[in-house]
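Taken from TrEMBL, the feature transmembrane segment covers 7-25. Marked as region 'Disordered' by TrEMBL: 39-60, 101-121, 179-200. The ATP binding site annotation in TrEMBL covers GLN252, LYS268, GLU289, ALA372, ALA373, PHE374, LEU375, GLU446, ASP461. Taken from TrEMBL, the feature Mn(2+) binding site covers GLU289, ASP461. Residues or ranges marked as domain 'FAM20 C-terminal' in TrEMBL: 336-552. The feature active site is assigned by TrEMBL to ASP441.
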Amino acid sequence: MILFRKFRVLILMVFLVACTMHIMIDLLPKLEKRATGADGGDGGCQCAHRPGGESQGWAKQRARAPADAGWPNKHTLRILQDFSNEPSSNLTSHSLEKITAAGDKAESARRTGPAAAKAEDHKPLIGDASGARTAAVHGVSRLAALFEHPSYKVDLPPLTDEDTLFNVNTDIRFYPRSTGNQGWHNEDGNEEEEFSPTGEVTAESYPNWLRFHIGINRYELYSRHSLVLDALLKDLVTQKITSVAMKSGGTQLKLIMTFQNYGQALFKPMKQTREQETPPDFFYFSDFERHNAEIAAFHLDRILDFRRVPPVAGRLVNMTREIRDVTRDKKLWRTFFISPANNVCFYGECSYYCSTEHALCGKPDQIEGSLAAFLPDLNLAKRKTWRNPWRRSYHKRKKAEWEVDPDYCDEVKQTPPYDRGTRLLDVMDMTIFDFLMGNMDRHHYETFEKFGNDTFIIHLDNGRGFGKHSHDELSILVPLSQCCRVKKSTYVRLQLLAKEEYQLSSLMEESLLRDRLSPILIHPHLQAMDRRLRLVLQVLAGCIEKDGYVNVVEEDLAGDTSTHRSPGHR
């Protein structure tokens, strides 16, 4: 009996010692961090180390308390929301009402802050062509000349409330200070007003990503000469990253990055070098997604004057400070490691290529990637997803119906929404766009639900373009050769881009030089676009010879979205 009591006392003592140690383990990192902040004045932040030092010492840092590595303690983890698995994880998480009440920081910093002119901002973006290196002829920018051409100066019809995605009351004034939100203060800590002298924030001074959202209408994602576009591209490259999480869904790893001004972007990290081609035995659905393809697709879409790809910019990201130390996605954080070459690596979680064998490694912790600006939250602007009629089978042996039925287009033209309006013609635009890139992976597309069927197709997810420059995948052009229909505006621009004085490859080279990661495409890819453009024009020439010009080239009416004659008309 005495032995039993002694055993109970021993068990109790062990339990008390374990509880005490548990409490000490939780409290010591906080006390140590507070003491470090008091002594050093930097709050214990270890972010100022040089990159090499970070990668070399990170394994030791990880062995210490997680709080020291920028990861919350385990009590905090219990209440964190892992939004990587939420249905809206690829959407902007702030409502329009909350954001507009917060005021503007990025725009005012651009106007008033001399610190915005950092050394890394030496390379202009899409704006003034005269400020960047160009592939100009006789000192004249080809790109500027292109956008001055009459075919690039067609005005949109007057916009009504039904034609704009958001109806903003410009008479409303917002007072950021009254919200108590400290996220809009200057980064350098001064407390001067960041808005107009009256203390009011107007619609013109909203963050650039919000101004981009407000500018979306029935006919375009952004206007031809939008100043907001240039400012937004700069934000994608320079804004401080405050949060990172994995995007749910999809076959390959993508990250959602949130910026200090509450904007969000989709980050696709570099997986292959510019020179690596897709192996000939690879199926299109198992190929890597390329960050530079996303960047180049945005520039190509703009040169074609479609303006249906959300703004994309390349950025060199510090994997330690800008991903690992700011992420609250526990699944992502756990996949970081130090490689035998002493580089910081991670692999995340996804359907394909997310393992140590396919890890993404920095040099030592710097990695390239594309950042695509988010479209508005689905709660504010719903989008409808449509199955591409010329979708591939995504099977190693089976063929899709359009691959075996030469009259497949006749069936499509009798099926809504392709039996009226410009939807079929928009699919032809998308077909030409994909062929110039060599993209075989267009299985779905989206439109804004508010505009119904009379609106443009959003060209999302272009990462599988520019995989091969030595091969032209003619099957991508099957929709065009089967239907023999094209918008007159598209046809005119294609002919223009085939001329020596404009030449698509030269325009792309000049436009891509504005990106911070240039060169984006190697020369063989640029040459391949010229070759493919000639093939597109050859297909259209054959259609015109067979069916006649008026039955192939469709007149544009009312900004490309009015009801045209039925696409089934011959």
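Every residue, even glycine, has its Cβ placed from backbone N, Cα and C.
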Discussion item. I need the CA-to-CA distance for ALA373 (ATP binding site) versus the residue listed as 'active site', whole Å please.
Written reply: 21
Worksheet item: Taking every residue in the domain 'FAM20 C-terminal' (336-552), what is their average pLDDT?
Response: 94
Worksheet item: Which of these recorded positions has the least crowded Cβ, counting other Cβ atoms within 10 Å: GLU289, ASP441, ASP461?
Response: ASP441
Discussion item. For a quick check of understanding: given the listed ATP-binding residues GLN252, LYS268, GLU289, ALA372, ALA373, PHE374, LEU375, GLU446, ASP461, what is the maximum Cα-Cα distance in angstrom, as an integer?
Written reply: 20
Worksheet entry | Rounded Cα separation (Å) that holds between the residue listed as 'active site' and GLN252 (ATP binding site) | 14
Discussion item. Restricting to the chain of GLN252 (ATP binding site) and a gap of 6 or more, list residues whose Cβ falls under 8 Å of its Cβ, or answer none.
Written reply: LYS271, PHE288, GLU289, CYS350, SER351, TYR352, TYR353, CYS354, GLY463
Worksheet entry | Cβ neighbours of ALA373 (ATP binding site) where a neighbour is any other Cβ within 10 Å | 25
Item to complete: Count the other Cβ atoms sitting within 10 Å of the Cβ of LEU375 (ATP binding site), across every protein chain shown.
Response: 24
